[in-house]
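**Student:** The structure is given below, and queries will be raised subsequently.
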Amino acid sequence: MPVEEFVAGWISGALGLVMGYPFDTLKVRLQTQNTYRGITDCMAKIYHHESILGFFKGMSFPIASIALVNSILFGVYSNTLQVLTATSHQDQRAQLPSYTHIFIAGCTGGFLQASSVLSNVEALPPAKSESRVQPGSPPPKYRGPVHCAATIFQEEGPRGLFRGSGALMLRDTPTLGFYFVTYEGLCHQYTPAGQQPSSTTVLVAGGFAGIASWVTATPFDVIKARMQMGGVNQRAYKGMLDCIVTSFWQEGLGVFFRGFTINSARAFPVNAVTFLCYEYLLRVWGYSHRPPGCRCPSLPLNSTLFPASSPSFSRSCFPVLSWPSDYSAASQTAAPPSLLLASSAEKRGKGYAWPLDATYYSTLQPGFGLPSASDFKDVPEIEGASEDP
Ligand SMILES: C[N+](C)(C)CCCC[C@H](N)C(=O)O
């Protein structure tokens, strides 16, 4: 199972969190307290009473836990998709998997991330929403997320920590399906066949993916926040249905869209940054085998021509092709580049790991003939070549 996606998900999640934390603080307060007149009023009050730090209250714990939760999401998503489509991450670029597969993989990731207790604890709003707005009000009950989780655990046992988890699952499962469908769809739409999406495309697609998933998630987000708070104005709900019905009767339909604007405003930068970082890391780690600008088709990695037992190749070592320095997108269609097998350390530096496949050769080099394992016996192994999953 490839672990790169888990690690990339971890780091990109942490970065996204820092981006989005002030928005989160505002959102939770708006959703669970009735003392604010709107976003600007809430911002002004937080700033006035707690300074800029008020927006980042309690961030140390989520930075670790969100990162972990995001790592589950991306790792599970990507591995599920590989299982469903039997193609690797980079080949999915050449051949977009079906939207049904993307949706199922996204839902699986969403479901598993939501089932981790961490994601519930991380999302516990009491820690974030303790308000010191009223002068002379009693000191906050919780000193931070860890203290908040520990107190809830002591008072109510483990069940307390899972309060709102049903709503959390309903919130995250389908909406993370939409998340990846939007992302992959937009990337595919704006990327020429066979190329990697540009940074701008990734940023925009990631931003809109975030918005798409938050727009659909907001009603359940409100319910989850309220259930985790144990009710607004000290009124605890008997269950999810009770929470929905009571909130609706007391405050109208609009209550389910509280935090909608702020969710969307937050979702764009957070997810743009998350996806950019994720894609970037996977590329830096040599996860993408295609040379920049290459439009060549590719086959699933395991369609390698070389049996794993071949003397020079293991499944984790692909032959290296060196690409002419003037190799550009234009020249690819006109005249196929001569693909030289790197056979020296000097070429090795410029080479790219590239899984040779039959389609590739027959499309670009008619009559070239398929190389046999013996053609590669002098090819050195390259360091940092990516691993065949
Ligand atoms: C499914 N739902 C919309 C709730 C969450 C989407 C998570 C994406 C990202 N970690 C973020 O915090 O925006």
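Note that Cβ sites are derived from N, Cα and C of the backbone, with glycine treated the same way.
In TrEMBL, annotation is done automatically, which means it is predicted and not curated.
Taken from TrEMBL, the feature repeat 'Solcar' covers 1-83, 100-189, 197-284. According to TrEMBL, the feature transmembrane segment maps to 6-23, 55-77.
Help me understand the surroundings of these features in the structure.
**Tutor:** Through the fold, the transmembrane segment (55-77) approaches residues 3, 5-14, 16-18, 21-22, 25-26, 46-47, 105-106, 108-110, 112-113, 116, 118-119, 121-122, 127-128, 144-146, 176, 180, 274, 278 of its own chain, all at least 6 residues removed from its boundaries and within a Cβ separation under 8 Å.
Confidence annotation: the repeat 'Solcar' (100-189) carries a mean pLDDT of 76 in the model.
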**Student:** Counting by DSSP, what is the helix, strand and coil composition of the repeat 'Solcar' (197-284)?
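**Tutor:** Its residues fall into 76 helix, 0 strand, 12 coil.
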